[in-house]
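A.B. asks: Below is a structure I'd like to ask you about.
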Amino acid sequence: MVSIRPDEISSILKQQIADYDKSVSVSNVGTVLQIGDGIARVYGLEKVMAGELVEFEDGTEGIALNLEDDNVGVVLMGEALGVQEGSTVKATGKIASVPVGEAMLGRVVNPLGQQIDGKGEMATTDSRLIESIAPGIIKRKSVHEPMQTGITSIDAMIPIGRGQRELIIGDRQTGKTAIAIDTIINQKGQDVICVYVAVGQKQASVANVVEVLKEKGALDYTIIVNAGASEAAALQYLAPYTGAAIAEHFMYQGKATLVIYDDLTKQAQAYRQMSLLLRRPPGREAYPGDVFYCHSRLLERAAKLSDAMGAGSMTSLPIIETQAGDVSAYIPTNVISITDGQIFLSSDLFNSGLRPAINVGISVSRVGGAAQTKAIKKIAGTLKLELAQFDELAAFSQFASDLDEATQKQLGRGKRLRELLKQPQFDPLNLAEQVAIVYAGVKGLIDEVPEEEVVKFARELRDYLKTNKAEFLKNVLSEKVLSEASESMLKDAISEVKSSMLAA
């Protein structure tokens, strides 16, 4: 018979007691009562926070948006095919956050900051809350540096400054995204980090944008956040906030950033869908009462920070799609009232061949004038007025049979100015080229050039300046003013190009 040794037993017990870990893990859990249409009603989760991330049994994440007496309304961020009635839900104790940092440059991510471009994981250690409070008055500085878009009509007449919020608004297929992409391409070499947020877009359209940016060498300083049309409404709603959080990280490091939200109409529709399914009371056009706050808290995060805060900036270009040019609808009027100006694109102008199809008469920039460079401000001062007068005269001349010489001359100049401002897609102009083109039109130096030859003249003038007057381009780009020496060089170039064209 085996003898029992008490000392052995006591040593084993002592060892077990020494190894015993009495830490207790407490989880805040609940049970799914009802699920459907991307919304789950959950019983339990007593200590859940508003906006807290929750995790379902199958790993799907959701956000607790409605905290009611007897249940919690959770919006799902995914298909959640494995979630059913009775499934367990666990509160994570975390608010939605996104990875940020230099490693994200050139990458395509989803609204949760996870890579979706197949290039492998991103080596980021920093993260930032998706929702954060906008900088206060003391932390800000007035907008005073230009954000060149490379589009002559915008930089000359509707200038944008770093830290501004400028709305791009127009019907579908009027070139809204093209303006945004041109602006990103034009930031090459300007030390600006760009974030392009695609909300509810076709995957093919986003792939095309990525391809264009890669081709133009602009993907190296751009981050793309994509919540496609097939994604859950919660992800489409979150995408703009994710883009803002990624840009904010760089802004607080003292860098200049540019964020494009393409487009906020689809974000508002996703938010409306979520709110109605959560049984929140509908308001105008069935949008919830806080849809204004949804956009204002996003766009207020754009800022030009004070020197004490590092002097970084975040410029926002939100895009809104209108129906049949109706800017008095609910979402367009909301966003117009939040932003510092709007660029209005007209389908009539687009179809008549004027591209970019900017309606200069009703487009404004409320703070950009202070940021405009002296070189273009000096010569473009009368441009907007001349085009407005031309539009009036053109409308009037349809009914008049014979026009006096002065009116005919004014109409001719207006038509040539219109032609000068035409610009091909993905071909932004630098400041010096814009100065040259606007100068030629405003000073009446191309009044003899036939109307149909004006676009060709602008192209040839750019080529001539690059090959024969490189000093002019260098001077204007470095000094940001049009000096007398530069002006005489420009006059020579214009007369040279004009005479060679007219001789031909």
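Easy rule for this one: first residue shown is 1, then count along the chain.
Note: Cβ is positioned from N, Cα and C throughout, glycine not excepted.
Take a look at what Swiss-Prot says about it:
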{"type": "BINDING", "residues": "Gly170, Asp171, Arg172, Gln173, Thr174, Gly175, Lys176, Thr177", "note": "ATP binding site"}
{"type": "SITE", "residues": "Ser363", "note": "site 'Required for activity'"}
A.B. asks: Could you state the CA-to-CA distance between Ser363 (site 'Required for activity') and Gln173 (ATP binding site) to the nearest Å?
C.D. replies: 18
A.B. asks: Near the ATP site, what residues other than Gly170, Asp171, Arg172, Gln173, Thr174, Gly175, Lys176, Thr177 in the same chain have a C-beta no further than 8 Å from the centroid of the listed C-beta atoms?
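C.D. replies: Residues close to the ATP site, other than Gly170, Asp171, Arg172, Gln173, Thr174, Gly175, Lys176, Thr177: Glu321, Leu345, Ser347, Phe350, Ala357.
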A.B. asks: Pick the one among the recorded positions Gln173, Thr174, Thr177, Ser363 whose Cβ has the fewest other Cβ atoms within 10 Å in this structure.
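C.D. replies: Among the recorded positions Gln173, Thr174, Thr177, Ser363, the lowest count of other Cβ atoms within 10 Å belongs to Gln173.
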A.B. asks: I'd like to know which of the binding-site residues Gly170, Gly175 has the most other Cβ atoms within 10 Å of its Cβ.
C.D. replies: Gly170
A.B. asks: Would you identify which of the binding-site residues Arg172, Lys176 has the most other C-beta atoms lying within 10 angstroms of its C-beta?
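C.D. replies: Result for the most crowded candidate: Lys176.
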A.B. asks: Within 10 Å of the Cβ of Asp171 (ATP binding site), how many other Cβ atoms can be counted across all chains shown?
C.D. replies: 18
